[in-house]
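Colleague: Just dropping this structure here.
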């Protein structure tokens, strides 16, 4: 589960229900379990007797849904919900999803997790042909393609549209007649299918959200698959058969909840395995192993078990969201950071600590944590990262916008160690990561996308192709040095 | 650190600063670290150029202080802050502390953590003599006593007042001339003294709050002590020498942060020791040890270390505050509970689990947790409680209002095991608790108050005496059976 | 100026500025003066260094713009503002104007006052051709037509679009390159042009808003005219020459501010004239003349002057908006109405009162006013209405949705008198109304639209044609009786 | 009814109900009609089955009571409400009334309109005797005196307390046993008694509020009278017989609603009479008479009737509360003022205008109005004020805090005329004011307090005595010049 200190952000969480009289209440419950996937906006569209109705807003679910009526007004047999991470330039209410389209003859709600690599060029073409967009998000492109498709049936139009968009995506679309869900041909973004004991189908981003509402897990939606849930039941078809499994590895490393399963692999256990492999590859001469709460505790436990070093709780995480105002002095600015994480002096004082974290993005947090432990008396801090160095941007739905912001893209490991103030620094290898998760031994990278570590993108990059080349050119020497 | 599922509540957290130009900002930072001690109201009084000014409200700190001006308007060389737990009948804005008294000639702010055992009779007497109270809280009594004292000096009046109130208390009082702090003769409620590197004195409820603002710990305020911080520095005196150390044991078991020290003992390490002793006294035939996040993780780790059973992360706690609306079905009501805690099926499935929790109050949460683990496939759940059975009310500042609500006061351990659905149930003994903390080997109960477990109250109960007798009479047979 | 009791609603007020560094602040000021034209939503789009930015929301201006930053963030050389009346089914945030369109290459803001009579069929056609609408309002149609126009220039596209829409409209459109304004071929809805002393052009709904910001009145925008304001100055052209002046007579009777001028006629003086003619056509044997505050005071004064009967202030209007909760008893429900208007007993007691009101829609308010005066002791109440009976719906921008709701469409005047409880009832004739305003002696109805009184609509009704026929058929007998 | 431009402020409005099941809803309705007496805070205490409960807050009634539950939670057979004007330094939530006192054995609510002249010294004495005050308002003094009274009965204690406070006051006090109301020995502040047709007694500030809730007027509460309303009915007694009627003349001139009666005199008709006398004393060579809406319309009408000059509506007042942000230019700052009042050019252009206003305080508004009319083309503006020049502070409940702020205390009439830019300026004489109202021909000043005009205070000034002397000394020469 991501903590607030991390500079990475997932783009979204989805939760749809069809065929249960409490659809909106179930969706609201389910979205709470997906809150970690997006904290800057939330919305639910309910299929009510008066048609599709929407309640949405900026902020956390608890800020957007503040009274029982907010859910009650959405009551009916189906609902679609969304939690969103909004990029800096895009904190616009218009972008909050599900998008609700009101046509003269019907209405549709559309929710999306991911990033389309050819959205900009599609949009330009559509606008040149008279289309009017109302949001700045990718998502709307799909609806324009669908509405302009010459296909004879609704699913025909949807398949037509899905074959024109590229990148990483999980879509859910709710009409008065059905709930439709589709995943990109690489399965970058997860989506799972479940059934409710008292009737109805759920399609959502993580299995933990199925558990949360008491739904039974049925199966993962497959790459290139379109699932249709209507009065006639659940039907499936491949909108394309040109597929390769490349699940985003950051789901396992950092984003997904430890109690979720992705394509059959439990996230907590994948992290335990990463921790074990990390201990093998990057041993440390330490007295105790301390994980960064909460997302790195699993890897830390794996590290401790494999290394035989004692696992201890040397960092405490506040469970309260703290408003951060600008502080008047440097000392107070540093203190403000500690409201989120603090060290247990009685645990770390005089100890050599193996500090296990899941990843390093800009390095700011890691630097603060090392200092925090040393100020609390740690004799040494050996920083161990349960994933490989992040060097390349993601174009499939994670907010790593530029290599210039990635510490590992700009510095060698020894430089990083010095900047972070650690006594030693070690990363997990890409191979060990792939083997720890081991989604599909026969697929490239065992079914994972590891592009942020290796620069090998599993698909063409379309609109982003040129800008990636430019960035890489700027970093040329350092990148090659690191990969050596 | 208490989690939201617990039915117990601390009454308050205090944070006062004297002699630093950023007193209000420091107090705001410090209170964040004490937020677990009170979530229903918060306030800060600042000593500004325009005199004492207050900002306060119902809710969390982040709800009460929403913009930089809320702090800026309190800027000056001293401040006093408070976070409050308000009992059911008392969610009144008037009761939010610090109380601010505006006299014709001066102003004073008063903040309190604890419960006075003779407040009702004192109030009745004062009202009969014409006094007007504006809150329903105990705290105001002290100010009336102070203002009516015939003593010649301010500290004389304060000592006079302190000697008339009984029970558990930590007071802080801010005037334009000084910051005053006092602890009850038993030291039931903690209060510590620290200094800021850039000048100034801090007096607050826990050492973790000193760490949070970069202050250095100086010492614990002692039972019966009155500390005065003025332009002349820090002075101390005993307002009474009739003292016995009886620190509230629930501070170690559940309330205080793991990174705090109380009278020299680190809370995390005390919990580790309780877990170890629990493993000795109440061994379990289990495959894994799972702690209830977050307050029981330390004890669980101690249990695992001592027993040699593998420690694992079988429960996941949501880090988001979830609004709970009334759910339409029983299934959804149960699901709503799971938004806070959920089980990791991949960890517990097919396993015999030793589930370590810190305490049992009403038993509702424990029952849900046992069911959660069993639903996730646990073969057996051996519930181990790192404290003795709670059977008696507290009158010194913890919200255990009635023995009728305490599961252990009404049921034998085997009855409890059956009701909770656990395969076995074991509690820590009072002796082991006392030895695990071991505050002062020479003091009764080694310096702890264990009255909620034994019924032996370290002081007379004054206004509560009769009602306790009545309650005990009602429970007579069951109580004696349990104590046998 | 309309008061809250009236069941009629104007659709909107517009205010645009081009070429003044304080454009957003001026627009905010100007909209305050147009607040009576729409109280359910407000928005301003500013042309800022970062492009077009929008601040908008549901409610009054003072509820939508709550802090200086709300205006400051829109600062730049141009702005477009809108106040909106939202019909019952349409209180959607998406419908609040100006609509902001963000294209890949540019952005545009569009604001509209009026109603298009062929919007439904245009929308249906556009959707069939793949267009996606995001609001339920008419306004968006114009933008789709514009974007799909094959014309070579922007104004060419705009002229193309304007020639396809029918009905009553005043549009303002803001781009980064200019401010464009157009009025329908009948000039149903007003729009005026002004200049600011310190530079810049203003185009807004009423001259009172020019006065409010210190702008000088230049001229009324003419029927069929398109005005373009760009870096090259103000240019004008007729997008159609097929025009006839038919200004909505309700602007003079009720909507517009008394201090506004429409096509050269001052609203207050037009009302004075209506009052004088009413006194001639419908004399009353009364002791005093009382107007309904505030919109009927002018007509009442005219009535008093012509009749020689003493003008007095017999009704007091509260200046505070009162929240109306459901009241527990019938007496309190009636009392709740009186919070808005109350009678001055000392004025009306024992008097025969000529009560002058501007119009009767459903009759509910009139009935309450008659009872209010009688309860306060009035000997007789002679109700005099300074406009003809409202019998037909409006399709050009006023919310008279159905003849079934119009009292005068369903009852003879003597029936109305009895229902309202008045001692006599008299209306102004259509001819007298036309002569009182006398916009253009050579135009049909002297330049006014009087369709709501006569059923003679000055244009084809397109999408509304069939529904009007159906309504009239239902009311056939009564309508003919009344017109006889 | 006061408008927002006026710099004078009434201190409060009171509304109490005893013996009606809808007491809280009635009080809420009634307070709306008293909103003009205080706009900065509001509160209602209801006698509920759970005892006295309060809902209160800063702002207008519509801001404080925002949902039906706010009233519903106060439901029961009695209620007491208050609207408050808070002085600059006193916008504290603690000061919002009714004050609610929760004693161990009972609760009481206290509401007050007026100002006590010996509150400061009483408070100092009480504090020296140990009393603790929780507000900075006068009101609390009465409760301390009551609680400390040695009298045997509750009404005995209340009479004891009432005889110790001096100044202008109307008190209402609600207990679980009765509603008590008292007026100062001069009747400075009004209070009236009424009965509800469906049972129950109302005591409130103005008769218009009786009308608003459908209550029948019974009588004015007399100077020195204490009314007790209990289960035994309404009883009355004089707490002092040392009384003289001196009703605040500003109630007639400006504060009270035109539809209220005070001691038998209708406010609108008193203003008509003032206008007539003003026309006799200060004739003007004018074409039209224009009143400043809304409070001066009655006087303007009287002026027009007496002078024979035509009454017209030359100023329009906005009915919307406008938020005033700081404007970027001088032109916009002036424009911002016009959002409240604007001139009708078509009425005033080329005319000589007799502008009738009720009073001049600082003169800022008058100056703006003169300019507004001249900018709209008025040939001349003859300013006529329907009250004498305000030269002295009020200590009985109106916020005229200092003579330094009063234009007429610092300037001769000819100086004022020049500063205001008027062509002539004339005030009503004190004698004509007294005769226009004519409350009691046998009482000094015919039953009015005219101290702000003459400096003759009808009572000793106690705590304010010295400060008045100091102020007058500062202004010595000018004051004598003006009175000459």
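Using N, Cα and C of the backbone, Cβ positions are placed for all residues, glycine too.
Annotations in TrEMBL come from automatic prediction, not curation.
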Colleague: According to TrEMBL, D:357, D:358 bind Mg(2+); which one of D:295, D:298, D:424, D:429 is listed for that same site?
Modeller: D:295
Colleague: Could you tell me the C-alpha distance between residue D:357 (Mg(2+) binding site) and residue D:12 (active site, nucleophile) in angstrom, no decimals?
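Modeller: About 23 Å separate the Cα atoms of these two residues.
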Colleague: Return the count of C-beta atoms lying within 10 angstroms of the C-beta of residue D:357 (Mg(2+) binding site), excluding that atom itself.
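Modeller: Excluding its own Cβ, the number within 10 Å is 23.
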Colleague: What number of additional C-beta atoms lies within 10 angstroms of the C-beta atom of residue D:358 (Mg(2+) binding site)?
Modeller: 28
Colleague: Looking only at C-alpha atoms, tell me how far residue D:12 (active site, nucleophile) is from residue D:358 (Mg(2+) binding site), rounded to the nearest Å.
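Modeller: Rounded to a whole number, the Cα-Cα distance is 20 Å.
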Colleague: What does DSSP say about residue D:12 (active site, nucleophile): helix, strand or coil?
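Modeller: It is in a strand.
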Colleague: Which whole-number mean pLDDT does the model give the domain 'Glutamine amidotransferase type-2' (D:12-232)?
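Modeller: That stretch averages a pLDDT of 94.
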Colleague: Can you count the other CB atoms that lie within 10 A of the CB of residue D:12 (active site, nucleophile)?
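Modeller: So the number of other Cβ atoms within 10 Å of residue D:12 (active site, nucleophile) is 24.
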Colleague: Test of understanding: give the count of other CB atoms lying within 10 angstroms of the CB of residue D:295 (Mg(2+) binding site).
Modeller: 25
Colleague: In DSSP terms, helix, strand or coil for residue D:358 (Mg(2+) binding site)?
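Modeller: The residue in question, residue D:358 (Mg(2+) binding site), is coil (DSSP, three-state).
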